[in-house]
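Chemist: What follows is a single structure, and I will ask about it in a moment.
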Amino acid sequence: MNLNIALLPGDGVGPEVLAQAVKCLQAVEETFNHNFIYREALVGAIAIDKKGSPLPDKTLQLCKDADAVLFGAIGDPKYDIDPNAKVRPEQGLLKLRKELGLFTNIRPVKVFPTLIENSPLKKEIISGTDFTIYRELTGGIYFGEKKLNEKGTVASDLCEYSEKEISRIAHLAFKAAKNRRNKLTLVDKANVLESSRLWRKVVTKIGESYPEVNLEYLFVDNAAMQIILNPSQFDVILTENMFGDIISDEGSVIGGSIGLLASASVGDDNAMFEPIHGSYSQAKGKDIANPIASILSAAMLLEHFGLFEEAMAVREAVDKSLEKGIMTPDLDAKSQYGTNQVGDFIADNIVDSDDDFNINDENIDLGKSTII
Ligand code: IPM
Ligand code: MN
């Protein structure tokens, strides 16, 4: 298959983790005879520094012309501490989502059996967790009208949803539930918010066309509690933009590290794949960031194009790295392995699943490459 992939490394650890995902895609090309073309462009704080805009026109065009976008991370502390900043890196990502029409963000939350001890939660609680969040991505409070009065003392953000915005993602979520365990939980705040009541009405109606799917409703505050108390009860969670943002970070705790969670953002014409973690600027350039979320985002890209065997090869190589303890320090504080080495191991194992990549302890002590 020929694919044009736009690469947006972005900020912080974005470039480092994205490079590992590209290594893995190149391993897939080599092993399965595909031809992927990669074109890189600026986004985020680095794009503001170099071009004065968090999403330069050239970047947007490149993404529109590509078959898929692979995204690194966005954000820089210098903007986080400045509420007066007029231009913010995050605007680049939000505009990209909107312009590409990526209305559905899919975030799978699963526990890797080998990492069950890594979670801060008890293993009897998290074992068997396997759910997917369908987060609406181009509407709601993120995109509603924003106001600040002249004195700068009163502000508001409007949360608006239309029937159409709700129904297009709801259909995708019901279809996903049908292919999984036939359970869909709508997370909202319908006891307080008018927009949530519209979600309930629209989703309930659509549910009639999916009689095999068991539709349940949960208020978001209760959902936040249930995700920690009993995560294995969930199959597909459908929710609006901001609730989805919050509960997906919460969900990432279950697996032991946010560095493991991948996501796909899809619309009618475009698709983008990115880790759910942020730019983690403190780790930038230190070779400690976990590349697995980025690598698994590449696996989701492959699945999106029907390359299931290829995606499976990536997932199996990731499992193997975890089984062998070839992981970054977020998963094992004593780990000797860096971002690059984990990426190399996974890429090598895609090419040859018997590649056991001898680990040379002597070299670890010398601070040299451990891969021989
Ligand atoms: C995410 C991020 C973004 C969001 C930020 C960077 C704008 O937190 O993808 O979850 O809030 O959507
Ligand atoms: Mn988030």
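Every residue gets a Cβ built from N, Cα and C, even glycine.
Not my notes, these are from TrEMBL:
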BINDING   ARG97, ARG107, ARG135, ASP221  substrate binding site
BINDING   ASP221, ASP245, ASP249  Mg(2+) binding site
DOMAIN    4-346  domain 'Isopropylmalate dehydrogenase-like'
SITE      TYR142  site 'Important for catalysis'
SITE      LYS189  site 'Important for catalysis'
Chemist: Beyond the listed site residues ASP221, ASP245, ASP249, identify every same-chain residue whose Cβ lies within 8 Å of the center of their Cβ atoms for the Mg(2+) site.
Modeler: VAL220, ALA224, MET242, PHE243, GLY244, ILE246, ILE247, SER248, GLU250
Chemist: What mean pLDDT does the predicted model reach across the domain 'Isopropylmalate dehydrogenase-like' (4-346)?
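Modeler: Across the residues of the domain 'Isopropylmalate dehydrogenase-like' (4-346) the model's pLDDT averages 96 on the 0 to 100 scale.
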Chemist: Among the recorded positions ARG97, TYR142, LYS189, ASP245, ASP249, which have a Cβ atom lying under 6 Å from any atom of ligand 1?
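Modeler: So the answer is ASP245.
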Chemist: In angstrom units, rounded to an integer, how far apart are the Cα atoms of ASP245 (Mg(2+) binding site) and ARG135 (substrate binding site)?
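Modeler: That separation, Cα to Cα, works out to 7 Å.
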Chemist: Roughly how many Å lie between the Cα atoms of ARG135 (substrate binding site) and TYR142 (site 'Important for catalysis'), rounded to a whole value?
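Modeler: A Cα-Cα distance of 12 Å.
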Chemist: Which of the recorded positions ARG97, ARG107, TYR142, LYS189, ASP221, ASP245 have a Cβ less than 6 Å from any atom of ligand 2?
Modeler: ASP245
Chemist: Between ARG97 (substrate binding site) and TYR142 (site 'Important for catalysis'), what is the CA-CA distance rounded to a whole number of Å?
Modeler: 11
Chemist: Nearest by CA distance to ASP249 (Mg(2+) binding site): which of the recorded positions is it, out of ARG107, TYR142, LYS189, ASP221?
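Modeler: Its closest listed neighbour, by Cα, is ARG107.
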Chemist: Using Cβ atoms only, which residues of the same chain lie under 8 Å from LYS189 (site 'Important for catalysis') while being at least 6 residues apart in sequence?
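Modeler: Long-range Cβ contacts: SER196, PHE219, VAL220, ASP221, PHE243.
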Chemist: So if I draw a 10 Å sphere around the Cβ of ASP221 (substrate binding site), how many other Cβ atoms end up inside it?
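Modeler: The answer is 13.
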Chemist: Would you measure the largest Cα separation among ARG97, ARG107, ARG135, ASP221 for the substrate site and round it to whole Å?
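Modeler: Taking every pair among ARG97, ARG107, ARG135, ASP221, the longest Cα gap is 27 Å.
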Chemist: Highest CB neighbour count within 10 A among the binding-site residues ASP245, ASP249?
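Modeler: That would be ASP245, with the highest Cβ count within 10 Å.
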Chemist: If you measure TYR142 (site 'Important for catalysis') to ARG107 (substrate binding site) at Cα, how many Å is it?
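Modeler: Pair distance, Cα basis, whole Å: 18 Å.
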Chemist: Near TYR142 (site 'Important for catalysis'), how many other Cβ atoms are within 10 Å of its Cβ?
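Modeler: Around the Cβ of TYR142 (site 'Important for catalysis'), 19 other Cβ atoms lie within 10 Å.
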